[in-house]
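A.B. asks: Grabbed the feature section from TrEMBL, which reads as follows:
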type	residues	note
COMPBIAS	1-11	compositional bias 'Basic and acidic residues'
COMPBIAS	19-43	compositional bias 'Basic and acidic residues'
DOMAIN	81-505	domain 'Major facilitator superfamily (MFS) profile'
REGION	1-59	region 'Disordered'
TRANSMEM	147-166	transmembrane segment
TRANSMEM	172-196	transmembrane segment
TRANSMEM	208-228	transmembrane segment
TRANSMEM	240-262	transmembrane segment
TRANSMEM	321-342	transmembrane segment
TRANSMEM	357-375	transmembrane segment
TRANSMEM	387-406	transmembrane segment
TRANSMEM	418-436	transmembrane segment
TRANSMEM	448-468	transmembrane segment
TRANSMEM	483-504	transmembrane segment
Amino acid sequence: MGKIDDIENHTKGSPAATLDRRDSHDGKASLKGSEPHVGRSELSDVTPPDDGYEGRHRWDPLATWTPEEEKAVIRKTDIWLLSWLCVMFFGLQLDRGNLANALADDFLGDLGLSRDDLNNGNTIQLVAFLSAEFPVQFLTKRYGFRYVLPAMMFAWGTVSWGQAWIHDRAGFYVTRALIGACEGGFIPGAILYATYFYTSSELSTRLAVFWSTLNVARVISALLAAGILKMRGIGGHPGWFWLFLLEGLLTVLLAFISFIYLPASPTKTNGILFRKPWYTERQEVIMVNRILRDDPAKGLTLLNEPATWQDVKATWTDKSLWGLFFIGLIAYIPATPVQGYLTLTLRDLGFTDSFDINMLTIPSAVLQIITMLILARSSKYFNERTLHCFIGEFWVMPLLIALITLPDGGREWGRYSLVTLISGYPYFHPIVTSWISENTFDVKKRAIAAATYNVIVQVGSLIGSQIYRDYQKPYYKIGNTTLVSISALALVTFIAQRFVLVGLNKKKEEQWDKLSTEERVAYQNDVTARELDGNKRLDFRFVY
């Protein structure tokens, strides 16, 4: 995984790292050896897993392993788990984004809809999406990810192929609402599921790969649409009829496979499809202990332990998260209407053939895959978040200014280039998502924080979908001016959030320094208080 992984793996797996602050298997800090350390990854010594934790039988605080052994475990997880989560996310994006492809086949004209009707449909979808976010998080914590996620996939796939038969505005609105309700909560649920298999340093890169699937889906769906939309007239149906039908049925098939594919936990990976576990007993020991040493809170909450409204309250009153939530509201708006209106913008610029339009959407998707992975990898390498998100946000601003200042008339390829560069901006959503996960200690709080953040991001998308209006076309200069202002606000917010977290850490350090060594040991051994206080503890440090 690179230089940083090698250093971390060697440290976590070495006897010195395991024994210098522990004199027994009971997880209690001792006055022997070095002074008590601070930071989430340093707290595993004093935070043993719950007796009911799924991997408790593999927990060994004295276990050691080599970097090569850990790399083998990570590689196996990438192949078996991450790849299939990407396939499931592909199904999500395929059905969520095929409307944009259908627009190239005169979908609005066939149904007698205006662009304002399209905006209203997107708004309805997002409202339904938001309404499902928190209920889904409660369901996944109650019944398990392996059942809830495939069930959601089956539901939205069914609605997707069913929308092939819509014929008016009412049917369009109803299917938008149903798709939103069935998809809401899937993304934060899948992310939380992945956290049980990956350490915090590995998560942002994996999430970047996960979200790259969004753009892979854009490329593949564009290629599929280019061919499927040519089926217009077959059976007396328009091309978008076949697009919705075939892609929806594909998602349903993937949902059935997911039911028998997904594992219950890192130590229970066998099932109907896999008669033998993914990992050997030795690899399960490595998997469990490396996860708990990075984030001991994962051993305190069972996979199926339900969240409560008290967890919701604790999350929403955590001031360390407020800035990141606000970032989720505004930071992605500047590119949202540009991406959402890409096919319609191409039609406005004079491109009329549906095949050409769908092919012209591919470069922006490929560009975003490349820029997002580079940004996430760099963030992981330098262990830095704020500056990288700032770069991703700033990318959009000069391009929007160029669209505003470009004279009206002609210059179609110049406008296309600017729109493509905006749509392909370095998507820093994986970094912020991982950032939130790292700055929460309790797993249930982490689930609620992820859902809250995703809800707020979707609210931002809702706002973004309303910025371009019919009267502004074809150049949307009023809308683009608004987007520049929002981008500037987001840049200021990133800087402010960094200062807030630096200040919170400084206050903790001041109080921590006042404690004697004996007081620090007693403080760290108070496991009950740690579960209640989480990231408020003096030995927890926020990352930025």
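In case you wondered, yes, glycine gets a Cβ from its N, Cα and C as well.
Thinking about packing and proximity, how do these listed features fit into the structure?
C.D. replies: In the predicted model, residues of the domain 'Major facilitator superfamily (MFS) profile' (81-505) average a pLDDT of 87.
Sequence-distant contacts of the transmembrane segment (321-342) (same chain, at least 6 residues past either end, Cβ-Cβ under 8 Å): 100, 122, 315, 361, 364, 389, 393, 396-397, 400, 419, 422-423, 425, 428-429, 432, 435-436, 439-440, 449, 452-454, 456-457, 459-461, 463-465, 467-468, 476, 479, 483-484, 486-487, 489-490, 493-494, 496-497, 500-501.
Listed by sequence, the residues of this chain that lie at least six past the ends of the transmembrane segment (418-436) yet keep a Cβ under 8 A from its Cβ atoms are 191, 200, 203-205, 207-208, 210-211, 321, 324, 327-328, 331-332, 334-335, 338-339, 342, 345, 363-368, 371-372, 374-376, 379, 385, 388-389, 391-393, 395-396, 399-400, 402-403, 406, 446, 449-450, 453, 457, 543-544.
Same-chain neighbours of the transmembrane segment (448-468): 119, 122-123, 126-127, 129-130, 133-134, 136-137, 185, 187-188, 191-192, 307, 311-312, 315-316, 318, 321, 324-326, 328-334, 336-337, 340-341, 429, 432-433, 436-437, 440, 476, 479, 482-483, counting only residues six or more beyond its ends whose CB sits under 8 Å from a CB of the stretch.
Sequence-remote contacts of a segment are chain residues at least 6 beyond its ends whose Cβ falls under 8 Å from one of its Cβ atoms, and for the transmembrane segment (483-504) they are 319-320, 323-324, 326-327, 330-331, 333-334, 337-338, 386, 389-390, 393-394, 396-397, 400-401, 404, 439, 467, 542-544.
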A.B. asks: What residues in the same chain, six or more past the boundaries of the transmembrane segment (147-166), come closer than 8 Å to it by Cβ-Cβ distance?
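C.D. replies: Same-chain contacts beyond the ends: 88, 91-92, 95, 98, 111, 136, 139-140, 172, 174-175, 178-179, 182-183, 185-186, 189-190, 193, 237, 240-252, 254-256, 258-259, 262.
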